[in-house]
Every structure is written in structure tokens, then in C-alpha cells.
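J.: For reference, the structure I am asking about is given below.
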Amino acid sequence: MKTDELTEEKLSKLKALAVLSSDALSSVAYGTEQILLVLITVGAAALWYSIPISFAVLGLLTVLILSYRQTIYAYPTGGGAYIVAKDNLGTSVGLVAGGSLLVDYILTVAVSSSAGTDAITSAFPTFHEHRVMIALLMILTLTILNLRGITESATILMYPVYLFVFAVFLLIIGGGYQWMTGNVHAQAPAYGVAVPGITLFLLLKAFSSGCSALTGVEAVSNAIPNFRDPAPRNAARTLIMMGVILGIMFIGISLLAYVYGIAPKADETVVSQIASAVFGRGIIY
């Protein structure tokens, strides 16, 4: 790309939040579900543990956001895991951090496309047998969009990203309103009751699985040069906005899953089950 074209590729906070936070924000679609998948192996009565585990994940998210905010100002040219680890812990550790990010990028594509496909097939069960083709089409579409440049891809992708955020907040508000007005008739597991078979190892496994909701948090600090000036300040503000939105959505989904007594299913996502319980299968769903 020509040097005089680089300025045009700089991102505003609104576009940066969409293109750089899409990975992190979309993880709420499967973060809570991963916790429930571990707990359900003991029984439905153990699903109440998802609440304290979710708050533990939220605490870790807060630490990560504050840490990456410091990194942004300390490394204004790009505070990725490689350069931070290399400068503070040595080249070998930096290479491990960089290599883990490369693996993470590949797994992110695999997990995100699979989660998106699960969401589509939950809404339209007739597409279930075509889920592999749907996932491949998603990857191909995103690849083509990103080849058009940062600004153009951000302009296009910001609409589905913000629509997703709006839909999740609408779901949380709608579900919370029904719960507060006593219109939730599902039987939630008793909270705080000890469940036989629960071990510390199982709880730690559920916590680590729930940390999948934290994927992509580092994207903002990796892309500081892509922000408009003053880049560090704009990146830091975008990071904080992402953390707040992600935290609210993740905790909201976890609370609704508990209140509505949602258990993971093989053919329908947890978010889809919550949406069905809150809105039915109408147009809002």
C-alpha cells in the first residue's frame, strides 16, 4: 500500500471497536455455554456454579483490560504479546508468546465460524446438515472483506457487530424485565446447594472453559498504529469500551441462563434457548 494511502486506513474509535473487538464480543455466544457443558456432566443441579465462575471470569477480564491499557501507553507502536514478553522476559519467552498467538489466530477462525454456524442452525434447524459448508462460506466471506483494507472492511463489518451487540442487550433487558416482573416460569437449579460429584478440578476446568469468553482482548493493543491520532489514547478508550460491553453481555447471558434453567443441548445453543424463552420464536428472536 502506498504511504500516502496509509492515513486513509486509520480507524476511528467507532470502527475500531467493531473490527478489533468483534472476536472478543462475539465470544459471549459460547463463553457461558462452555461453562455449562462442563458442569452438566455432574447434573443439572450443578449449573448454579456457573454464576460464581462467570464472576471469576469477569474479574480476570478486568485485570486483563487494565493490564493491556498499561501496555498501550508503554508500547505506543504496538503492544503485542511478543514485544512485551521479549523486552521484559527475553527473546525465548517472546517467541513462545508470539507462537501462541499464531495458534490462537487459527483457532479463533475455527471456533468463531463454528459458533456462528451453530447460531444459524439453531435458528434454522433445516440447515444443520449443511453446517460445514456454512462455516466455510463464512471464512471465505471474511477473507475477501479483509483483503479490501482495514477501513473498508471495518465500514462493512461494523453493522453486523453493532447489530449483534444491540440484540444481546435487548435480550438481557427483555429477560431481566420478565424475571423482575415474575414472568419466568422455568425451574432454576437451587443456588448455593452443595452438589455431590463437584470437585475443585471440575470447577477449575469450567473456569478455564469459560475463559474462552476472553479471546481477542489483546487485539486492540496489537493494533495501536491503526488508530487515528492520538493513537494510544484512542486505543485505550476503545479497549475500555470493549471491556465494559463484553463484561455486561457475558454476565447478562450467564445470569439469564441460570434464571431460565437453561442446559446445553447438542442441536441448539444456549443463547438461542434463552432467546426462545424470552421472545418466543417470533421476529425478534
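Using N, Cα and C of the backbone, Cβ positions are placed for all residues, glycine too.
A quick note: this is a predicted structure, and the numbers were derived from the prediction, not measured.
What TrEMBL shows for this protein is this:
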TRANSMEM  35-68  transmembrane segment
TRANSMEM  89-110  transmembrane segment
TRANSMEM  130-147  transmembrane segment
TRANSMEM  159-180  transmembrane segment
TRANSMEM  186-204  transmembrane segment
TRANSMEM  238-260  transmembrane segment
J.: Counting only residues 6+ away from its ends, which parts of the chain sit with a Cβ under 8 Å from the transmembrane segment (186-204)?
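T.: Contacts of the transmembrane segment (186-204) (Cβ under 8 Å, skipping residues fewer than 6 from its ends): 38-39, 41-49, 51, 53, 258-262, 277.
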J.: Excluding the flanking five residues on each side, which residues at least 6 beyond the ends of the transmembrane segment (35-68) place their CB within less than 8 Å of a CB in that stretch?
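T.: Distant contacts of the transmembrane segment (35-68): 79, 188-193, 195-198, 202-203, 205-207, 209-211, 213-214, 217-218, 220-221, 239-240, 242-243, 246-247, 250-251, 254-255, 257-258, 261-264, 270.
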J.: Could you pull out which residues elsewhere in the chain have a CB under 8 Å from any CB of the transmembrane segment (238-260), counting only those six or more residues past its ends?
T.: 13, 16-17, 20-21, 24-25, 27-28, 31-32, 35-36, 47-48, 50-51, 54-55, 57-58, 61-62, 64-65, 68-69, 72, 165, 168-169, 171-172, 175-176, 179, 184, 186, 188-189, 191, 213, 217, 220-221, 227, 270-271, 273-274, 277-278
